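Asker: Heads up, here are the entries from Swiss-Prot:
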- Cys479, Cys482, Cys504, Cys506: Zn(2+) binding site (BINDING)
- 32-44: compositional bias 'Low complexity' (COMPBIAS)
- 220-679: domain 'Trm1 methyltransferase' (DOMAIN)
- Thr23: phosphothreonine (MOD_RES)
- Ser61: phosphoserine (MOD_RES)
- Ser603: phosphoserine (MOD_RES)
- 1-72: region 'Disordered' (REGION)
- 128-132: motif 'Nucleolar localization signal' (MOTIF)
- 177-199: zinc finger (ZN_FING)
Amino acid sequence: MENMAEEELLPQEKEEAQVRVPTPDSAPVPAPAADTALDSAPTPDSAPAPALAPAPAPALSPSLASVPEEAESKRHISIQRRLADLEKLAFGTEGDVDSASSLNSDNLENIQTCPLCPKEKFRAYSSHKLRRHLQNLHWKISVEFEGSRMCICHLACRPVKPTIVGEQISSKLGAHYHCIICSATITRRTDMLGHVKRHVNKGETKSRYISASTAKSSNEVLKETDTDIQVFPNYSIPQKTDSYFNPKMKLNRQIIFCTLAALAEERKPLECLDAFGATGIMGLQWAKHLGNAVKVTINDLNENSVTLIQKNCHLNKLKVVVDSEEKEEGDGLEDCSTAGDIQVTRMDANVLMHLRSFDFIHLDPFGTSVNYLDSAFRNVRNLGIVSVTSTDISSLYAKAQHVARRHYGCNIVRTEYYKELAARIVVAAVARAAARCNKGVEVLFAVALEHFVLVVVRVLRGPTSADETAKKIQYLIHCQWCEERIFQKDGNMVEENPYKQLPCNCHGSMPGKTAIELGPLWSSSLFNTGFLKRMLFESIHHGLDDIQPLIKTLIFESECTPQSQCSVHAPSNTNKQEENGVFVKTTDDTTIDIYSAQGKRKSNEMAINVAKKQKTDASTAHPPFYYNIHRHSIKGMNMPKLKKFLCCLSQAGFRVSRTHFDPMGIRTDASLTQFKSILLKYSTPTYTGGQSEGQVPAPEDTVTDPVELSVNDKAEVSGCRRW
């Protein structure tokens, strides 16, 4: 009976021995020596035939004793941390590896096989040869990643190449590597290096086979405006990351925050949408600093970005709502009673904007935004705000003119005022999209900097507003010789000589066709002074010091007033109002309140009166475009300082201000001829070789009387010589 019991248990023990993995905690007992085995061998009647030592399990690694069993069952044997771990697999022992040195080359049953090579490919009759094989072939050309080595494998493994459809299986596979992250099989070492690098660029540095407790997060934590966010290691490369974060767009995020803060003073709560969340930094700033005044929705189509947005919400102790279900981190959220909830969605931006209505929509796609304008104006609420950030500056700044014609349907060339031209192109596209939805727009401000073009408009519902908006889209006549420009006159009649509209006389003095037609462009004002002053107040209230100089420049530019004549801090004028200790100048046409103090909308008569008032005050709008003082400097003359020249233009009776589009640009209602004449009047001739080297010319500020030039000097300045 005992022999029968042993025979019944023996197959079970064999099966357990085949799946047993040698680990540091439970090492397999080494096989007894040949002499000892013969002495203790049972009788032939009761003993089965002597079996070979069980081969090591090829699917598990002994170096992961602390990893869960599920992780161990999936990790391939070719992935090891040390060479000793690989040798343990080969010799099947944890202790003295030299115990296998007693192998006899004459005993064919004790031939050692490589755990990563088939038997027909490699056979070792000595432990030394097996060690050299493991070290020189498998370990030497392995790929290292986070302390682990992906050794080359020659086994007949199943080729795995994950795709959207599923796993692709091929019939032939030679030497290959097993990816530690996605278990894909890669044949070449260089391809394996590139494969792992792509995982790192996407932020997929955690192995699927390592538990979350042992894996270290490779995401970097950044802080901007008291908001913490996690970003991927390659967050600054938009082509290779799922969640792009650009630190250079900080001004863009701050000015949009001031816009939303100014709108939140009109009505509460606001339903806001960040259609392209990426890391969610913008929506997090809205919810964290404005609290219950806003209901923020952050959307992104990428699954990894949505996961990262949820992590950033928990990092900033904000409640996350996904599919009408509230997800909380657990601890730390009880103190956030003033912070608003954030709804995170994963769908196409066009679909989301068609399904829901919002008071504030921000569009910041990668490139042009024309594909999302129709859906943005489809359901935006009346008197809501739509902000559009365009980063396709190569087409807007006339470097790729065919792309601008394709996306915006306009003809442009490179001019001295190309940044304002880009802003007017985007506003025209926004206005046309709003008009298709029977809505008009009021431009609150437009900003064009080095990296982006930002346009913010207020939506006015109704076909009347749409018609008024459509009338403000006109063509521009641009002179290619002197760069004078003017918008075409209203009307559909064809003029016999359109060159007469230009103030310059280049067509009569120069041969050929001298002017081109640009556009269609937005021809009305680009700034709302009252709204900009409220934005300045919000920036001071929230402590955004970086954006205040830009907003002040926009205010001066909207009023077309030099900064020396208009100060936002000096309460010297009775027409100025105080906002939190900051005095800002107010005019009759700047304060436009659509909502009463109780947050309710005023009557339609009030809105009609406001529209009439805007129409009567149209003459106070700032002049379009600007001149670059360096571009029109006179040869052989030293031009005056910029501040002094602004005062000279103002004293001559022209409206003048600086512009944010160009640091050396001057916005004025003077024509180019008048601009050059005043520049010539206050310029001084350059000192030539007759002056000694040590003599320093007098500074321009000390010059009180303008320099009178003779007729010959004027002729030389204009480029002509009088004989």
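For all residues, glycine too, the Cβ spot is worked out from N, Cα and C.
Walk me through where these features lie, including what they touch and how far apart they are.
Answerer: For the recorded site, Cys506 (Zn(2+) binding site), the DSSP three-state label reads helix. The C-beta environment of Cys506 (Zn(2+) binding site), restricted to residues of the same chain at least 6 apart in sequence and closer than 8 Å, consists of Cys479, Trp481, Cys482, Glu484, Thr514, Ala515.
When Cβ-Cβ distances below 8 Å are used as the criterion, the motif 'Nucleolar localization signal' (128-132) is approached by residues 87, 90-91, 112, 114 of the same chain, each at least six residues removed from its ends.
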Asker: Give the sequence-ordered set of same-chain residues, not counting Cys479, Cys482, Cys504, Cys506, with Cβ within 8 Å of the centre of the Cβ atoms defining the Zn(2+) site.
Answerer: Gln480, Trp481, Glu483, Glu484, Leu502, Asn505, His507, Thr514, Ala515, Leu672
Asker: Non-local Cβ contacts of Cys504 (Zn(2+) binding site) (under 8 Å, 6 or more apart, same chain)?
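Answerer: Result: Cys479, Trp481, Cys482, Glu484, Leu672, Thr673.
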Asker: Taking helix as H, G and I and strand as E and B in DSSP, count the residues of the motif 'Nucleolar localization signal' (128-132) in helix, strand and coil.
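Answerer: Here the numbers are 5 helix, 0 strand, 0 coil.
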Asker: Mean pLDDT for the motif 'Nucleolar localization signal' (128-132), as a whole number?
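Answerer: Looking only at the motif 'Nucleolar localization signal' (128-132), pLDDT averages out to 85.
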Asker: Helix, strand, coil: count each for the residues of the zinc finger (177-199), based on DSSP.
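Answerer: Grouping H, G, I as helix and E, B as strand yields 11 helix, 4 strand, 8 coil.
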Asker: Taking the Cβ of each of the binding-site residues and counting other Cβ atoms inside 10 Å, which one has the highest number: Cys479, Cys482?
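Answerer: Of the binding-site residues Cys479, Cys482, the highest Cβ count within 10 Å belongs to Cys479.
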